[in-house]
Amino acid sequence: MIQTKDKQEDEKFSNLNYRSRESTCQIDSNQVCIQNSDVEGDLKVIKIEAYQLSKFKVFISIAITLLSCLTFGILLKNSIKVRLRCIFNKSSVNKATHFLITNQDGYQQIVNRIKTKDKNKILFINRHMKYQYFDDFNKKSFYPVYYHQLEKQSLRDIKSIHAEGLNDHKVEAHLEKYGNCEIHIPLPSLIEYLFDNLTSVFFIFQYISMILWTLEGYLQFAILMISVSVFITLINYYLLKASLNKLKKFAKIDLNVQVIRNGVQQTIDCIDLLPGDLFLFQNNMLMPCDSLLLSGDALVNESSLTGESIPIPKISILQNQQQDDLFNMETMKNHILYEGTKVIQIKGNQVYGIVLRTGYTSFRGQIFRSMLYPKHISFKFYTNATYFLLLMIVMGVTTYFVELYFIIKIELPTLLIVYRFFDTVTWMIPAPLPIFFSICQTISLIRLGIKKVLATDPAKIVVAGDVSIMCFDKTGTLTKDQMELYGYCDYTCKKIKESLIVESKQEELLHKFFGSCHGVYLVNGVNLGDELDIRMLEFSQFEILPDESTEFKFRVQRKIDNCILNICKVWEFESSLQRMTVIMHDEQAQKFYGIVKGSPEKMFEMCNKDSVDEKNYNKILNELTNKGLRVIAVGYKEIQSKDALREEVEKDIQFAGLFVLKNKLKVDTADVIQQLQNGNILCKIISGDNLLTTVQCAKEARILSNESSNVLIFNSMSDCYVQNSQEKIDPLNILSSQECKKYQIGLTGKFLEEIQTHLQNGKSIIEQQILKNLLIQTSVFSRCKPKQKAEIIYMLQSVLNEKIGMIGDGANDCSAIKQSDMGISFTKTDASYSSPFSYSETSLDCVIKILAEGRCTLSNMIECYKFNLALNWVKFMSASILILELSFLSDIQVIFTNYFEYIPLLAFISLSKPIQILAPYRTISNMMAQLDQLLSTYANF
Ligand SMILES: Nc1ncnc2c1ncn2[C@@H]1O[C@H](COP(=O)(O)OP(=O)(O)OP(=O)(O)O)[C@@H](O)[C@H]1O
């Protein structure tokens, strides 16, 4: 099986990450089970071990610390292993005072057991998430603490059970259990930060160097060195504080809300909301928590979570047809309003909901947790830099031993000979380098901010410098947001008409369907919704009526003949289903219709085959998609009542016609792609749209060559051909030979699924080669479901072992953006939390800005590294030569060579800006490969 199908990987691709519980269980005597939950987001705890603080060991450790002049204390602080050995004993969970937590990213931490009034309660907090131990018969495990009572209740019962809201007793209990409704961003105090840093390994190294320098008589230098390090630490503190303050501002929601407690309505600050509280929604409010809609309808803007700023309708649970189903956070998203989303409009007398999750347990809270504790990025630059440094130290030590013979010969005092050895190591280790690295990254983020690119993770900017493949979503990313009308055709699929002409009863009906099957909403007199839907509604000549009643979702009217259509039910468009469905009531005809609109492929599958002329349908579809047009098919069914279930409505539907739009490329798309290709970046499209439409778009964008004889179309394993000649080919044959290098491939999600199943093991060399060839040669991935988009990114990362960038504008791109190494989204709001980079303009030039800045940061860091090492080496060699002549550098000379000589140089390197265009080569992040360059640098000295 190809790895991406693994259960473990599955969670990576889950956008909202709602997964069933999983448990990790006992192996060691003190290891305690953990039942994971979706509420932990990306930061799961994978192992918990119980420990008890030993008073005796603590006493001994304090004594040793004092005797060793704090050295042992510093060791205890910096090594978890030493701490566990020296002050803790393994214990059972009941007697534990502390827990050793191993997080999914491998990071370990010792956390305190929280003291509670009830001595039997066992709790701890890890990375802002509270965990509680349950000692029940068959579930002796830790569980993340969150409000999950509703998940045991049916939709029918929820409203009645919670009709009175929380009572005083529950308010107290919930406050103690779940805490306030806020994402509290902790700011370390200056004292805490200094204590933490001044006792870190970096400073210990500085202290040792300082002692050595002082002993060698370089007192002024030693004092200056430590002062500079403290000064830089202070600067870092203020930079950290500034970024945490920014995050805090993002996290804070200031709002008063009306809650119902003890059956009485009252006003409270939203920070005091508790899970289980009933509260009233207001127009334009920013949701302070995740909540379930119990009554009324709401239109929300989820762009802060997804980057897509179209109104999303949310309906109350009463409108769900499966009233006996238990509430499910993952499958009932259409009833849930997520924290941080904006309520655009509410509809109904009293629109209220129940608080589900607050603070760090909310979906937005999970994103903030991952921002506060970003995943460690394994980046070959850092590993290679460490190896390279070790090599330098070995060279230094070797030089020392070679020199030793001469030093002994000139009878240098023994103490000086010993100092020289330690000097060798301290000269070589570029201790302030991490600080220079973080300065390079921060300066790049500031420069990106000026260019309107908001970046949330400084580590990602370095990775951006190493990106070699850039993936693009199509609609709204490569193409403009605006679409232009091309025309429509009726069920006969014979000809395209550019304006409304009613030639038959069927056509009259089709126009009504265009006016009613959409997700457009009238907000303050403006039509908001998907561009495609807005164009279709405008074309149909229907207009949405301002209507406050909750009887219908919305009503539309055609002024010329006063035709009124009532839309009773809407199943919104879902990318993974490729369709949307509505139930419409025609007032004039007094008839109910179920109308389905979606991708032509999906609709063909669903439509009654007697209602569609397959030959004409395929012919016109081919014609239109080959021109790069966006085609939507519409089908319908006459039904008896507005209460029909979706399955009934979508069964046996009649094909009604096609609606066609032009979706042109953004003005700079082709230019940007050209620049990226010149910059040695491989460009690929991952789209949900039709294959031929996407292939045409790729040609216009110059991702694919215009030469159709070079393009292979892979619809499915049994339907593969060369685009211009339509000559059938066997995909496995082509992909397993060198011949495939001649072609560029466009494939569908269906083909990808089939070939994944075919290459089940993916282990033999030939299978691996097929997959590798496929991924390299494919420039267009089309008809991909959101999860599949993320899967493709994962395959590119793991099979090709490259760093991948992804840019997209919609909710269907979120998981792919999250999976990529450099995710970019467009957002008109402050930021989209799902991507590390968000651009407030619509142009694609942000990709070049970010890549250029990434490459610049990476080269600045490499330059800092090289110069630091080179200068250290030069200093070391000059001191070595001087010593042979029994001469030593003076204090001032050492200060000069260490600071005045290279600090300005390094400062200017870190300030270096990128050039406007991408160079045709990427920065070599492999330090070993730079050895040649480095040696030539030495030669210059
Ligand atoms: N509002 C809509 N109503 C019905 N069908 C739609 C609607 N929007 C898109 N579709 C159909 O569903 C398909 C999949 O849509 P999806 O949003 O996943 O991708 P896309 O917008 O076509 O492309 P991309 O992934 O490049 O943005 C579309 O190609 C189109 O045929």
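Glycine too: its Cβ is placed from the backbone N, Cα and C atoms.
Taken straight from TrEMBL:
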- 58-76: transmembrane segment (TRANSMEM)
- 193-215: transmembrane segment (TRANSMEM)
- 221-240: transmembrane segment (TRANSMEM)
- 256-371: domain 'P-type ATPase A' (DOMAIN)
- 385-408: transmembrane segment (TRANSMEM)
* To do: For the transmembrane segment (58-76), find every same-chain residue at least 6 residues outside the stretch whose CB is under 8 Å from a CB in it, and list them.
  => 82-83, 86-87, 199, 204
* **Residues from the same chain, set at least six apart from the ends of the transmembrane segment (221-240), whose C-beta lies under 8 A from its own** => 188, 190, 193-194, 197-198, 202-203, 206-207, 209-211, 213-214, 431-432, 435, 438, 442, 891, 894-895, 898-899
* **Tertiary contacts of the transmembrane segment (193-215) (same chain, 6+ residues out, Cβ under 8 Å)** => 73-74, 77-78, 221-223, 225-226, 229-230, 233, 236-237, 240, 419, 422-423, 426, 429, 431, 434, 894
* When DSSP states are grouped into helix, strand and coil, how many residues of the domain 'P-type ATPase A' (256-371) land in each? -> 25 helix, 52 strand, 39 coil
* To do: Report the mean pLDDT of the predicted model across the domain 'P-type ATPase A' (256-371), rounded to a whole number.
  => 89
